[in-house]
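Q: As annotated in TrEMBL:
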type	residues	note
TRANSMEM	15-33	transmembrane segment
TRANSMEM	45-65	transmembrane segment
BINDING	K108, E109, D138	UDP-alpha-D-glucose binding site
ACT_SITE	D138	active site
BINDING	K274, D298	Mn(2+) binding site
ACT_SITE	D442	active site
TRANSMEM	553-573	transmembrane segment
TRANSMEM	637-658	transmembrane segment
TRANSMEM	678-697	transmembrane segment
TRANSMEM	709-727	transmembrane segment
Amino acid sequence: MEPPLHSIRSMHRTIFNRIFAVIYSIALLLLLFHHALNLFSSTSILSFFISISMFISDLLLAFMWPTGQGFRICPVTREVFPENLEKTVDKKDFPDLDIFICTADPYKEPPVNVVNTALSVLAYDYPTEKLSVYVSDDGGSELTLFAFMEAAKFGTHWLPFCRENKVLDRCPEAYFRSKYTPNSETEKIKIMYEQMKKRIENVIDSGKVSEYITSEEEPEAFSKWNKEFTRQDHPAVIQVLLESCKDKDVTGFPMPNLIYVSREKSRTSPHQFKAGALNTLLRVSAVMTNGPIILIQDCDMISNDPRTPYNVLCYFMDASIRPKLAYVQFPQCFKGLNKNDIYSSEMKRWFHINPMGMDGLLGPDNMGPGCFFTRRAFFGGPSMSLFVQPELPQLSPDHEVNSSIKSKHILELADRLAGCNYEKGTNWGSKIGFRYGSLVEDYYTGYHLHSQGWISIFCQPKRPAFLGDIPITLLDVINQQIRWGVGLLEVAFSRYSPLTFGMQALGPLMSLCYANYAFNSIWSIPITTYSFLPQLILLNKIYIFPKVSDPWFILYAFLFLGAYGQDCLEFILAQGTLTRWWSEQRIWLIRGLTNELFGSLEYLIKIMGFTTQGFHVTSKLVDDEQSKRYDRGIFEFGVASPIFLPLATAAIINLAALLHGTMQILKGGNFDESFVQLFISGFGMVNCLPVFEAMVLRTDKGRMPIKTTLISIISALCLYIVASFILKI
């Protein structure tokens with residue numbers, strides 16, 4: 001009997017989750033019934049307006065809560081046994097592995113960082129003749145190409161160094177920042193790395209590569225960059241930097257393949273953002289290497305474990321699940337998080353907890369980086385009857401490549417496949433490859449793969465397989481998630497909505513999971529309502545919630561404590577801390593007033609036919625002062641952005657309501673009636689402490705701009721005056 005390659009087990013909290021889901025659902029129905037009673041007993045237009053506003057908010061909360069239960073019904077954990085892999089499979093039978101790395105802007109995504117990512121996967125502990133790395137430069141920058149030419153040279157020294165010294169951190173930057181053992185060999189390779197790094201940074205600073213070209217081959221590679229070459233309008237550039245069958249490292253060992261790809265772009269042709277870039281790599285790699293397994297990586301997501309492919313093969317080499325397995329998804333993990341993770345950049349619920357819940361169903365959604373696909377999954381459903389034949393036989397996942405990747409006919413075909421008009425009249429983006437139609441191409445593609453009958457697996461080893469960078473300013477966090485929110489709403493209200501199409505294709509539980517993501521932005525409606533309405537009414541001495549002595553108060557207390565208690569318990573059980581959980585729930589409220597609110601508005605503007613910002617690259621540049629403040633757990637505002645106005649205004653109104661309500665109680669007011677609104681105001685105020693600190697106490701550059709603070713104060717005052725006027729009519 002062959003030794004097992006992996007195992008799976010249900011989580012202990014499954015039964016508790018199911019029982020609690022039933023009890024909480026009953027409580028939600030009682031809450032809606034209570035709202036119905038209030039609506040029917042309304043004696044004025046004002047009381048009806050208040051009741052209907054709270055009813056709509058709680059109805060949306062009641063809608064979002066069941067969508068989250070899909071993650072809790074069948075959560076599982078898995079374990080892999082890579083030590084058994086070579087006992088059952090010979091290395092020569094390992095499948096070829098193609099790795100896609102995407103970058104788009106050398107000034108927002110420093111090429112040194114992208115080079116480190118590429119070197120970390122080039123140095124995988126995997127047969128080098130079966131390993132190919134494709135770098136998609138969607139910015140079409142000669143600076144990025146130069147950086148990878150330097151990386152190819154350094155790689156001939158770095159890869160044998162890692163192999164011979166059994167280095168675990170195979171990202172050079174990470175290795176030299178670690179507690180490595182210094183010796184002459186290590187110092188020599190470090191000097192080489194620093195020289196490469198300096199040359200790349202000098203080129204970025206000067207914006208020119210001509211002064212640093214040294215070999216006879218390099219000038220030809222840069223010949224396409226002329227006066228007419230721009231980011232939005234340029235020909236395809238495909239450059240083979242390393243070829244496994246010809247290029248050797250300094251010890252004579254074959255190097256992996258390394259190919260630079262910048263697809264053709266034209267202002268008159270849609271380029272479909274990142275999904276278009278990935279589909280270009282799918283086609284180009286098909287005619288060059290056609291590896292059956294494909295790893296998708298972001299430019300800042302370094303490999304943290306050189307044996308990660310072995311973990312993946314524990315699933316792909318299992319004949320019992322291989323025919324229907326589309327991808328193996330690793331959690332996104334990040335380096336540089338501060339102690340309390342103030343922006344909840346870890347996103348533990350999205351990247352760790354929820355995928356374990358989906359793994360007990362059809363498998364986790366595609367999170368983008370850290371995902372190993374089978375190439376066959378991009379060409380229709382798992383059965384042969386659902387296979388979608390590509391327009392060229394060379395693009396088929398079964399096509400065997402027998403030519404050198406530097407062959408003239410291969411390069412000419414690859415150049416044509418990277419053309420901006422190639423996809424016209426084909427199935428690319430609809431039935432083949434990554435799906436078009438949403439800014440979140442990873443989520444949308446995974447959703448379609450599951451709908452076609454594929455399954456996926458969540459692999460969460462003890463040592464993170466990958467480590468990425470995080471934005472360290474609140475504005476960068478918000479801007480990144482605005483794009484996610486718009487993309488998810490595009491799916492939510494399309495003909496492929498998880499509530500309609502998904503319910504038929506995936507079943508109720510899986511469709512609820514996808515709906516939870518797709519409709520995530522509507523959290524902004526109840527969060528915004530609860531951030532303003534109870535407080536403005538409290539300032540006018542009107543009470544809208546049950547008294548503490550009222551039996552209905554128990555229902556409200558249970559709903560709040562039950563939801564927060566379960567959320568906190570899951571977070572702690574997922575190896576989280578109480579302080580990081582507090583940061584997560586705080587940033588959830590902040591998102592409701594910022595990116596989810598503005599993302600919803602941007603989506604509405606978009607469907608009305610107006611131009612929106614579309615995809616933009618999150619900056620990976622790090623300012624030293626910002627970095628120091630982030631490490632100390634201080635929120636970074638610093639920019640007079642309208643995105644901060646609702647948040648700052650809500651903070652002021654919650655503080656005013658809390659102070660006013662407290663003063664009324666001290667003067668003999670009714671604590672029994674006002675407690676719930678006082679609690680909501682106090683809870684909002686406590687969560688806004690970083691905002692108050694940024695508005696009043698801080699003097700550094702990351703404080704809330706005075707302009708934003710003044711506008712927020714005026715806005716809060718205007719809201720109070722308008723509310724007071726309406727409530728007195």
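Glycine too: its Cβ is placed from the backbone N, Cα and C atoms.
In TrEMBL, annotation is done automatically, which means it is predicted and not curated.
Remember, predicted model here, so these are calculated numbers, not experimental data.
Let's see these features in context: how buried, what's close, how far.
A: In sequence order, C102, T103, A104, S262, R263, H271, K274, A277 are the residues near D138 (UDP-alpha-D-glucose binding site), counting only same-chain partners six or more apart with C-beta under 8 A.
A 10 Å cutoff on Cβ-Cβ distances gives D298 (Mn(2+) binding site) a total of 22 other Cβ atoms nearby, all chains included.
Over all protein chains present, the Cβ of D442 (active site) has 23 other Cβ atoms lying within 10 Å.
Same-chain residues lying 6 or more positions outside the transmembrane segment (637-658) and placing a CB less than 8 Å from one of its CB atoms are 473-475, 478, 528, 531-532, 534-536, 538-539, 590, 593-595, 597-598, 626, 677-678, 681-682, 684-685, 688, 691-692, 694-695, 701-705, 707-709, 711-713, 715-716, 719-720.
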Q: Would you please pick out, from the binding-site residues K108, K274, the one with the fewest other Cβ atoms within 10 Å of its Cβ?
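A: Each of the binding-site residues K108, K274 was scored by Cβ atoms within 10 Å; lowest is K108.
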Q: I need the CA-to-CA distance for K108 (UDP-alpha-D-glucose binding site) versus D442 (active site), whole Å please.
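A: Given the Cα positions, K108 (UDP-alpha-D-glucose binding site) is 21 Å from D442 (active site).
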Q: Below 8 angstroms Cβ to Cβ, which residues of this chain, lying six or more residues outside the transmembrane segment (15-33), approach it?
A: 55, 58-59, 62, 65-66, 69, 72-73, 75, 555-556, 558-559, 562-563, 566
Q: Counting every protein chain present, what is the number of Cβ atoms, excluding its own, within 10 Å of the Cβ of E109 (UDP-alpha-D-glucose binding site)?
A: 25
Q: Could you pull out which residues elsewhere in the chain have a CB under 8 Å from any CB of the transmembrane segment (678-697), counting only those six or more residues past its ends?
A: 342, 530-531, 534-535, 538, 585-586, 589-590, 634-635, 637, 647-648, 650-651, 654-655, 657-658, 661-662, 665, 703-704, 709, 712
Q: Between D442 (active site) and D298 (Mn(2+) binding site), how many Å separate their Cα atoms?
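A: On Cα coordinates alone, these residues lie 12 Å apart.
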Q: Could you state the CA-to-CA distance between D298 (Mn(2+) binding site) and E109 (UDP-alpha-D-glucose binding site) to the nearest Å?
A: 10
